[in-house]
C-alpha cells in the first residue's frame with residue numbers, strides 16, 4: 001500500500017504518528033498534522049537526516065565487500081596406498097570502494113587502504129594456489145607412476161601371451177605333421193600289403209581283390225580328407241586366437257590413451273581455476289561500478305565452467321573405451337582409486353532428477369570395486385505401459401498367493417493393506433471382497449472365480465437330466481402374525497391337534513404336512529409367527545409355490561403380517577388371504593381389507609389378483625373355499641417336476657436326536673427320494689438309512705412336493721440348505737469336505753477383516769460388560785431364532801456374547817466350556833444328562849431351561865439390566881444459611897448456621913452458594929449443635945458446620961445439602 005499521508009506512513013513503519021511528525025520537523029520537512037501529504041522527496045530527506053543522526057557521513061555506501069567460496073576435490077593416497085578424496089575450499093574476498101570527487105588526500109588514503117587489502121588478499125590466494133598446485137603435482141606424479149606400472153604389466157602380460165601362443169602353435173604344427181606322416185606311412189604300408197596280396201592271390205580271387213582294392217582306396221581318400229579338415233580347423237583356430245589377441249591389444253592401447261588424456265586435462269583445469277585475480281582490476285572505477293550493479297557475475301565466475309568442462313569431457317572418453325580383454329584380465333586392485341571413480345565419488349548438490357549427465361549411473365557389484373559397471377549404452381528408455389492383468393480371485397486367498405497372481409512382491413500388497421488400515425502378513429488369508437479391492441487398487445482387473453471347485457460337476461450333472469415333467473402338488477406356506485390362528489387352521493384341515501401340543505400355544509418350529517383332498521394333494525408349511533422366527537419364514541417363502549396369509553379379523557394387519565407380505569413379494573409368490581376368526585363378534589373383515597390394500601395386497605373384488613377368503617378355524621367355515629382357491633392358483637401356475645430323476649429338495653428343519661443322530665426334515669422339490677440314496681446337504685452327507693413321513697410312519701420313497709424326515713447324515717445340516725442326491729458317496733464326501741474347508745476359510749478371513757474395527761470399537765467404548773451364553777436347542781431353526789433374538793438385546797454398556805450354540809442335549813463338553821468362559825447355559829426344549837448335571841453342580845454353572853422363546857428373552861433381558869451400572873441421582877435434603885463465621889485455630893473456618901429448610905445429615909454432601917451461584921461442592925467435615933457432635937439437625941435449629949477443604953466462607957452464604965442415591969436401570 002502506497003503511503004500518501006503522515007498517518008499511513010507511520011502505520012507502515014509501525015511507529016506513533018507523533019514521533020514521526022517530530023522526526024520530519026527535525027529533518028526540515030514542515031508537516032503540521034497527521035493528514036498532511038508526504039512526497040517521495042520528503043521521505044528521502046527524512047532518510048538522509050536519520051542516517052546522519054546515526055553517524056553516517058553520507059547517505060551512499062562507500063565500500064562493499066564480496067565473499068565467494070569455491071569447493072573442489074583432489075585424490076590423495078594415504079600410507080596404506082588407498083586413495084582418499086580431499087575437499088579443498090577456496091575462499092575469496094574482494095572489497096570495492098566507491099570513488100567520487102573528493103580531496104586528493106582522501107583519494108590516496110582510500111587507494112592505500114584498498115591496495116593493502118588487495119595485497120593481503122593476493123598473498124593469501126597465492127599461498128592457497130601454491131598448496132593446491134603442490135597437491136595436484138603430487139596427484140599427477142601418482143597417476144604417472146600408476147600408468148607406468150600398468151603399461152609395464154600390460155607389456156609383460158602381452159609378451160607372455162605371445163610366447164605361449166607361439167609355443168602352442170609350434171606344438172600344434174608338429175603334432176599335425178606327425179599325424180600326417182603317420183597317416184601317409186600307414187597308407188603306403190596298406191598299399192604295399194595290398195599289392196603283395198594281389199600278386200599272391202591274383203590267379204584265384206580276382207573279383208574279390210578288385211573290390212577290396214576299391215574299399216582301401218576309398219579309405220585312403222577318407223583319411224586324406226580328414227587330415228585336410230584337421231589342418232584347416234587348426235589354421236582357423238589359430239587365426240581366431242590371433243584376432244582375439246589383436247582386439248585385446250587394441251583395447252589396452254585405447255585404455256592407455258584415455259588414461260594419458262585424463263592425466264593431462266584435469267591439471268590444466270584446476271590450475272586455471274586456482275589462478276588468483278589481478279589486483280589492479282578492482283581499482284578501476286568502471287569495473288567497480290559494473291561489479292556493484294551486477295554482483296552475480298564476478299570475474300571468477302567464468303573460471304568455474306572451465307573447471308567443469310574438462311571433467312565433463314573426460315567422462316565420455318571413459319564410457320566410449322571398448323570393454324575388451326584388457327578389462328576382463330585386469331587385476332582387481334589395479335584400478336583402485338583411479339580416474340574412473342572420480343565422477344561417481346564426487347559429491348554434488350542434491351537436486352531433483354539426474355544432474356550428473358549419466359556419470360553417476362555406475363554400480364559396484366563386489367568388494368574392492370570388482371564388478372564395476374559403467375552405463376556405456378544410451379540413457380534413453382522407451383516408455384512402457386503398465387501391464388494390466390486379469391486376476392482370478394477365489395473366495396479365500398493368502399497375501400502371498402495374491403501377490404503371485406499379480407506378479408508383484410508380497411510387500412507391495414502389504415503396503416496397500418497398511419494404507420487401508422490393516423496389518424497383515426504374507427500368510428494372512430483374505431476374503432474375496434477384500435482381495436478384489438486390493439487388486440483394483442493396484443491397477444489390475446479382479447474377476448471373482450471359483451477355481452478347482454468340485455461343485456461345478458453338480459451343475460454339469462443337472463444339465464444332463466432330461467426326465468419327463470409331470471404335474472406335482474403345490475407347496476403352500478401358511479404365514480401371518482402370532483396368535484392369528486395359522487396352526488389352528490391347519491389342524492382343522494388335517495383333522496389333527498397340533499396347536500394344543502405347542503408350548504405356550506404358539507408355534508416355534510416350522511412344520512411340513514401334506515393333505516389329500518378330493519381335488520388333489522396339497523403340501524402345507526406352517527411357519528412361526530413370532531418376530532424371532534424371521535429366518536424360518538424366509539425359508540418357507542423360498543420353498544413355496546403359494547402363500548396363505550392368515551389375518552385375524554379382530555386384530556388386523558400386524559408387524560409380522562407386513563413381513564410375510566414382503567417375503568411373498570420378494571419371492572414372486574401369489575398370495576391367498578385367509579381372514580380368520582370371523583366367528584368373533586368384534587370381527588371386522590372390511591377393515592382388514594382396507595389395511596391390506598394399504599400394504600399392496602388388493603382383493604379380486606377391488607380389481608386385484610389376491611383372493612380373500614373369510615374362514616373360521618374354530619367352526620370350519622370357509623375352509624373348503626380356501627382349499628378351492630389354493631388349488632385354482634396351482635392350476636394357473638401349472639406346477640410340474642420330473643419324477644423319474646435323482647431327487648432335489650431343501651432342508652426345512654434339522655435336529656440332533658440322542659438315539660437317531662442327525663435328523664433332517666426335507667421337502668422334495670423334484671425327482672424321487674428313495675431309501676438308500678446318497679444325499680448331500682450343505683456340509684453334511686450320508687446314506688438315507690431311514691425315511692419317515694410327517695406322521696412318523698416309515699416310507700420307502702418320496703416324490704415331488706412331499707415332506708419327509710431322513711436319518712443317516714454325517715452331521716446336522718443347516719436349515720435352508722439344498723439337498724441333492726448323488727450317485728457316488730466318494731463324490732459326496734469330496735464336495736462336503738470342500739465346502740467345510742471353504743466355509744472355515746471364509747469365516748476366518750471375515751473375522752480377520754473385522755478384527756481391527758472391533759479393536760478400535762472396544763478402545764473407543766471403554767469398559768463394556770459381557771454376558772456370555774451357551775445355547776442348546778432342539779432344532780436348528782429354534783437355535784437360530786433364539787441366538788438372533790438375544791444378540792438384538794446388546795447395548796453399548798452390556799453385550800450378549802454367544803460362546804457356543806448348537807442343536808442337541810446339554811453335554812459335559814458344554815459344561816466344561818461354560819466353566820472356562822464363565823457362561824450361563826440356556827436349554828431350549830432340551831435337557832442336560834446326568835453327568836452334565838453333576839458337573840454343573842460341582843462347578844457352580846447355572847443351567848436354565850425354557851420351552852417358550854418369550855421367557856428366555858425376558859429373563860436374559862432382566863439379567864442384562866442387573867449388569868447395568870446404576871444411575872446416580874441427587875436429592876436435595878435441606879438448605880442452610882450462614883449467620884456468623886468463626887476462625888478456629890488448627891481447625892479452620894466454622895460457620896454458625898440456621899437450617900431454613902429440610903434436614904442436614906452428617907454424611908451428606910454440600911454446595912456452597914454465594915448470591916445463588918455455586919462456588920464450591922464438597923463434603924461436610926463436622927456438624928455440631930452447641931459443643932456436641934450430632935448426626936443430623938432439623939429445620940429451625942442452629943448448628944455449627946465446617947466444609948472439608950474450604951475455608952472461604954462469609955456471612956450470608958447458603959449451603960445446599962444433598963445426597964446421591966443410586967437407581968437401578970433397565971433396558
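Cβ from N, Cα, C; glycine included.
Copied over from Swiss-Prot:
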type	residues	note
BINDING	480-487, 526-530, 580-583	GTP binding site
COMPBIAS	49-63	compositional bias 'Basic and acidic residues'
COMPBIAS	105-114	compositional bias 'Low complexity'
COMPBIAS	121-181	compositional bias 'Basic and acidic residues'
COMPBIAS	182-200	compositional bias 'Low complexity'
COMPBIAS	209-260	compositional bias 'Basic and acidic residues'
COMPBIAS	303-325	compositional bias 'Low complexity'
COMPBIAS	355-368	compositional bias 'Gly residues'
DOMAIN	471-640	domain 'tr-type G'
REGION	49-85	region 'Disordered'
REGION	99-386	region 'Disordered'
REGION	480-487	region 'G1'
REGION	505-509	region 'G2'
REGION	526-529	region 'G3'
REGION	580-583	region 'G4'
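Sparsest Cβ environment among the binding-site residues 483, 527, 582 (other Cβ atoms counted within 10 Å): 483. Counting every protein chain shown, the Cβ of residue 480 (GTP binding site) has 28 other Cβ atoms within 10 Å. Of all Cβ atoms in the protein chains displayed, 27 besides its own lie within 10 Å of the Cβ of residue 486 (GTP binding site). Beyond the region 'G4' (580-583), the same-chain residues lying 6 or more positions past its ends with a Cβ under 8 Å from any Cβ of the stretch are 484-485, 489, 550-555, 589, 614-619, 621-622.
Secondary structure counts, DSSP: the region 'G4' (580-583) has 0 helix, 1 strand, 3 coil. In the three-state DSSP classification, residue 486 (GTP binding site) falls within a helix. In the three-state DSSP scheme, residue 480 (GTP binding site) falls into the strand class. When the compositional bias 'Basic and acidic residues' (209-260) is classified with DSSP, helix, strand and coil residues number 52 helix, 0 strand, 0 coil.
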